[in-house]
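Below is one structure, written out as structure tokens, with a few remarks after it.
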Amino acid sequence: LADTFLFSGLIGCSWAMVFAAGGFKVKLYDIAQQQLTSALENIRQQMKEMEKSGVLKGALSAEQQLALISVCTDLKAAVEGATFIQECTPENLELKKKIFGQLDLIAGDSVILSSSTSCLLPSKLFTGLKHVKQCIVSHPVNPPYFVPLVEIVPHPETDPSTTERTYALMKKIGQSPVKLNTEIEGFVLNRLQYAIISEAWRLVDEGVISPTDLDLVMSDGLGMRYAFIGPLETMHLNAEGVSNYCERYAEGMKLVLNTFGPVPEFSGATVEKVNQALSEKIPVVPKFLDARRKWRDECLTGLAKLKTQMKSD
């Protein structure tokens, strides 16, 4: 079984590693050979490092996984024999539509055409394609190698079997797929994320709390809980079930929710205030940002291991 990843940026590489870890043959496609060469080099380096520290995914060795990944600058050749194609181009509607238009002309009737888009609706991306029944959005969380969630979002005309096959494939490679029954702006992950960001922003803007303390409320408070259970299960466990929670707390929740302000502008003095606080902690210089991202990924790796362990216990 082969999969093709269109474009070898960060998300494309991360997807390729996830699929290779699952034992699938992967073809990375890009228009620039240089991009592909450095992508392969990056993948090799990351896999070797992870193997050394014992966090490489899958049952195969780094060498065996690397052997499953090939590269290609010819779209036709890249698509040939593929069962699943994951597009990973930048978030640009025209570019993505152009790519899917090209794929539509050369794709067979059984391959799944999937997009990594985080915000473009399937109806904007796939409407009018003759293979629209085979098109779907599979939105990963950055970086997909360490964060398993994948949001599967169908086009109104997507065949249910496309959704089922995508879901099963994501399960098979160790990701955690969720199905959206209909498309909606921001899908689900970003809708939840933006709700948190907007209230966080208002609290800092109103001087209720400092930016660094705000982040601490999430990382050492809510986030601890949410790493294992979601907000609905939290309600269930924090009372004698959800019905009981609503009986007890509905009025209090509505009281607080009614005090939420309008959608922030995300501009002006608050941007400077938040940026200054975060820049003191992590200077906006590639060296510091990259080091912190690496640390974040190590934390995510450790957490993923812990979660697997807790589940198997």
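The first residue you see is number 1, and the count goes up from there.
From the backbone N, Cα and C atoms, a Cβ is placed for every residue, glycine too.
Just so you know, TrEMBL annotations are computer predictions that nobody has curated.
According to TrEMBL, the features are:
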DOMAIN    8-181  domain '3-hydroxyacyl-CoA dehydrogenase NAD binding'
SITE      HIS139  site 'Important for catalytic activity'
DOMAIN    186-251  domain '3-hydroxyacyl-CoA dehydrogenase C-terminal'
For the domain '3-hydroxyacyl-CoA dehydrogenase C-terminal' (186-251), what are the DSSP-based totals of helix, strand and coil residues?
50 helix, 0 strand, 16 coil
Suppose we draw a 10 Å sphere around the Cβ of HIS139 (site 'Important for catalytic activity'). How many other Cβ atoms does it contain, all chains included?
23
Average model confidence [pLDDT] within the domain '3-hydroxyacyl-CoA dehydrogenase NAD binding' (8-181):
95
